[in-house]
Amino acid sequence: MNSDLSLGLAGNEPDERRQRWGNNQIKRLPGRPALRIALDQFKSLIVVLLLIATGLAYWMDGILEAMMILVVVLLNAAIGFFTEWKAQRTLISLQEQDIRLCRVIRDGREQRISTVDLVPGDLITLNAGDRMPADGRIVVSHGLQVDESALTGESVSVEKVSSSLMEPDPALGDRVNMGFMETLVISGHGRMLVTATGSRTELGKIGRLIDETSKRISPLDRRLQRLGAALAGIVAVLCVVMVVAGTLRAMPFIQMLQIALSLAIAAVPEGLLAVSTMTLAIGMQRMARKGALIRNLAAVETLGSATVICTDKTGTLTRNEMTVEMLVVGNRSLSVTGSGYKVEGGFSGPEGALDVRADELVINLLRVGALCNDAKVTHAADQDVVLGDPTEAALIVAAEKAGIDPVALKARYPRVAEVPFSTETKWMMTEHCPADLPPVECAKGAPLRILELSEYETWHEGSRLLTAERRQWWQDANARLAGKALRVLGFSYREKTTLDRRDEAAGHWVFAGLVGMIDPLRDEACSAIALCREAGIATVMITGDQVATARVIASRLGIDRSADGSSLETVHAQVLMQSDPECFKRLLSQTAVFARAEPGHKLQIVRAFQQLGHVVAMTGDGVNDAPALRQADIGIAMGLNGTDVARQSADMVITDDNFATIVQAVEQGRMLYANIIHFVHYLLSCNLAELLTVFLAIMFGWPLPLTALQILWLNMITDIFPALALALEPSAPGVMQRRPRAPDSALLTPQLMLLIAWQGLLLALATLVAFYVGLRWYPEEVERAVTMAFMTLAFVQIFHAFNARSMRSSALTRRLFTNKWLWGATAACVVLQLMTVHVPYLRLVLGTTALEVLDWSVILGCALAPVVVVELTKLIQAWMGGQAGTVPS
């Protein structure tokens with residue numbers, strides 16, 4: 001760096017370096033502007049088909065038809081735009097970093113400058129409460145403790161040292177002689193030599209990863225694109241057929257265009273886009289009520305398609321609140337109940353719950369932990385505020401559970417001296433001088449080092465000599481706690497008149513006991529993971545923890561078992577990345593936990609799962625999760641404790657930071673997709689009926705049974721309301737017991753296409769029968785026959801909505817009345833359809849005429865006939881093969 005470690009940079013050197021390296025700012029991460037969100041609403045091939053139909057109608061002077069189709073397109077775009085715009089996050093943390101000041105040494109003088117003006121080679125001073133303004137090499141450390149959870153995802157603070165590391169390429173969390181931008185100094189002070197600024201910092205690298213990572217098209221969008229392509233092919237084929245047929249019959253060109261327009265309008269389900277968009281918007285609102293905020297519509301359904309959930313551990317599966325779980329005093333092990341920083345819970349031993357307020361050994365241990373402590377915990381009605389190291393905060397809360405008031409304790413035992421924690425000593429010492437008692441010294445740190453320091457141990461009658469046998473007992477106790485993935489600290493104290501810094505081990509140090517703590521699992525995490533397994537969704541934990549710790553936590557969560565009960569591996573992420581591609585893929589299928597993972601590892605793991613054909617959901621809350629969140633098919637960020645960068649990169653934000661909310665959202669997504677299949681089945685069979693009605697009438701040499709405006713009325717009025725009601729269908733039983741659908745599966749399966757084909761033909765034949773009767777009864781009144789066909793097709797479609805609720809189950813079951821929206825839609829459509837023959841203006845526009853009672857008998861008979869046929873078919877299927885239940889359509 002060519003910088004003096006005492007005087008810092010000199011003269012014009014900072015300006016010259018700034019010209020070379022630029023300002024200490026990270027490239028801004030752009031959000032989706034309003035125009036982009038609006039234009040994205042017109043990317044669908046179905047929208048293109050509708051716009052082509054609009055142009056064709058306008059060219060043929062069908063201005064009203066063109067306006068109606070255009071209204072549908074614009075309505076769909078408006079719904080999509082406003083729903084996504086409302087969910088769009090307007091704050092991007094990388095873009096809105098505060099312009100802060102930092103202390104830098106230049107020309108031998110300490111001065112305060114803007115963090116933007118820092119350059120590589122600057123020498124900065126660090127104190128408790130500072131956020132590191134750049135990346136750098138620690139050159140001086142006096143008990144420097146740093147919270148790097150936002151960057152690494154781990155809640156335990158890291159002690160920073162100035163010595164060199166022996167490992168050639170340590171993981172990010174192991175670079176204890178380096179400081180990183182935006183990490184927080186918890187305690188101590190020191191100096192750091194800036195080595196990287198702006199986009200060259202670790203935070204900046206993550207920003208570049210986010211910027212370079214593009215979102216994949218959602219499964220639903222891919223399926224709708226394929227459907228649009230199929231519809232475009234159908235329209236093209238029909239138009240060719242009509243041109244050939246018209247040429248053979250020497251039909252006028254204008255008439256052929258009119259027929260082609262009618263067929264095009266009939267083939268394209270105008271209501272499909274609007275219903276799809278509104279369905280996703282409704283699903284978005286439902287998920288929001290359950291605590292899951294969706295940033296874009298397609299993500300609502302994508303979550304229901306997920307086959308793998310890659311989850312961060314800290315703050316996602318755990319509470320990100322260190323909690324004391326075990327105490328070892330004398331010859332006893334005690335459990336501590338409660339979770340997090342709330343003063344809730346107590347103590348228990350083998351004999352049950354204990355009141356430890358009169359237990360001198362326990363109180364003595366917790367007093368030492370509260371005195372040798374720099375943290376402060378403030379309890380409010382709605383929030384517990386922690387200032388300082390999470391580990392020390394856990395000790396404060398444990399003391400409070402035992403009835404100790406840490407504030408009063410520290411007031412009675414004022415601190416007069418201290419020796420900060422360091423990697424060399426692995427302990428921290430404090431000296432306290434109460435007014436009415438002898439001075440006391442307290443120590444906490446690595447259990448084995450504290451044991452080495454101690455000559456005595458607390459015992460029931462006060463203290464006793466710490467024998468070799470007892471030292472071994474304590475070492476075994478330490479190993480047992482560590483084997484449970486607990487972070488273990490040892491505690492000791494002595495009474496002394498002065499603190500001898502040259503020989504801290506001198507005197508009679510009394511070993512007070514061990515404390516084991518952990519970042520506790522969320523209460524709902526285990527059951528949520530079990531539900532994911534039952535639903536056929538693999539849960540993969542990606543963490544920065546050591547392999548041994550990660551393995552124990554995975555076992556507690558149940559992640560280390562597959563759906564068939566076989567064991568899954570826990571591997572070091574670095575080992576995985578060094579594997580050849582074939583070995584990489586094999587390991588992915590056998591691994592449940594990736595330990596010591598860095599941001600780049602998470603991104604590679606998500607991409608690898610996607611290359612294997614999985615739909616990947618990624619959860620996280622830290623800056624380190626952001627690239628993987630953006631790459632995943634659906635990124636899920638935590639709303640309470642998540643960083644702004646993570647929320648900006650995600651598709652969904654969990655407002656309560658509850659992993660179980662994800663499972664509820666998965667269920668909602670699956671239910672939503674099933675309902676999409678319901679209304680696709682309904683809309684396409686109805687549109688096929690319209691298409692076949694027109695096409696077969698032309699083939700029979702009959703007049704056109706429907707006008708273009710009548711088809712538009714059916715598609716936009718009597719189709720949309722029942723389809724929307726089907727989108728609100730209650731969840732079918734067992735939706736979370738089914739395997740996820742294949743990511744590349746089509747929206748229209750062969751079974752569903754066959755169903756749509758024969759039911760669409762059935763509806764068309766019923767309509768043509770009514771049309772034929774009208775032509776025979778009123779040979780001079782074609783308008784009345786057309787009206788009969790129009791009304792028959794409208795009512796047959798309305799009744800068909802009840803058939804579409806299930807591909808196999810009868811509509812006439814106890815579930816008949818469970819969807820109140822469908823009954824409301826049916827009533828509304830009947831009223832609107834009757835208005836077309838009773839309201840003069842609508843009769844004029846749609847070309848209808850008044851009908852007699854006999855006409856209505858034919859219409860209703862033909863409209864109800866398909867319902868009877870479909871019900872008989874379902875009964876025959878049930879009798880022949882046994883009813884398989886409601887298909888997840």
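Along the chain as shown, residues are numbered 1 onward.
Just so you know, glycine gets a Cβ as well, placed from its N, Cα and C.
Small disclaimer: the values here were computed from a predicted structure and weren't measured.
Marked as domain 'Cation-transporting P-type ATPase N-terminal' by TrEMBL: 1-62.
Taking H, G and I as helix, E and B as strand and the rest as coil, DSSP gives the region 'Disordered' (1-23) the counts 9 helix, 3 strand, 11 coil. For 1-23, the entry in TrEMBL reads region 'Disordered'.
Annotated transmembrane segment per TrEMBL: 42-60 (among others), in sequence order.
Feature annotation from TrEMBL assigns transmembrane segment to 66-85 (among others).
Marked as transmembrane segment by TrEMBL: 227-247 (among others).
The transmembrane segment annotation in TrEMBL covers 259-282 (among others).
Taken from TrEMBL, the feature transmembrane segment covers 679-702 (among others).
Summarising the annotation, TrEMBL assigns transmembrane segment to 708-728 (among others). For the transmembrane segment (708-728), same-chain residues at least 6 beyond its ends with a Cβ under 8 Å from one of its own Cβ atoms are 57, 62, 64-65, 68-69, 72, 258, 261-262, 265-266, 269-271, 274-275, 278-279, 282, 672, 675-676, 678-679, 682-683, 686-687, 690, 694, 786, 790, 793-794, 797-798, 801, 804-805, 819, 821-822, 824-826, 828-829, 832-833, 836, 845-848.
Annotation comment: TrEMBL describes 748-773 (among others) as transmembrane segment.
Among the features that TrEMBL reports, transmembrane segment is placed at 785-802 (among others). Cβ atoms under 8 Å from those of the transmembrane segment (785-802) belong to residues 682, 685-686, 689-690, 693, 703-707, 710, 714, 718-719, 722-723, 725-726, 759, 763, 766-768, 770-771, 773-775, 777-778, 811, 816, 822, 825-826, 829-830, 833, 836-837, 846-849, 851, 855, 858-860, 862-864, 866-867, 870 of the same chain, restricted to positions at least 6 beyond its ends.
Tertiary proximity for the transmembrane segment (822-841) is limited to same-chain residues at least six positions away from its ends with a CB under 8 Å from its CB atoms, namely 713, 717-718, 721-722, 724-726, 728-729, 787, 790-791, 794-795, 798, 801-802, 805, 848-851. For 822-841 (among others), the entry in TrEMBL reads transmembrane segment.
Residues annotated as transmembrane segment in TrEMBL: 853-873 (among others).
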Ranked first among 42-60, 679-702, 748-773 for CB pairs under 8 angstroms with the transmembrane segment (853-873): 748-773
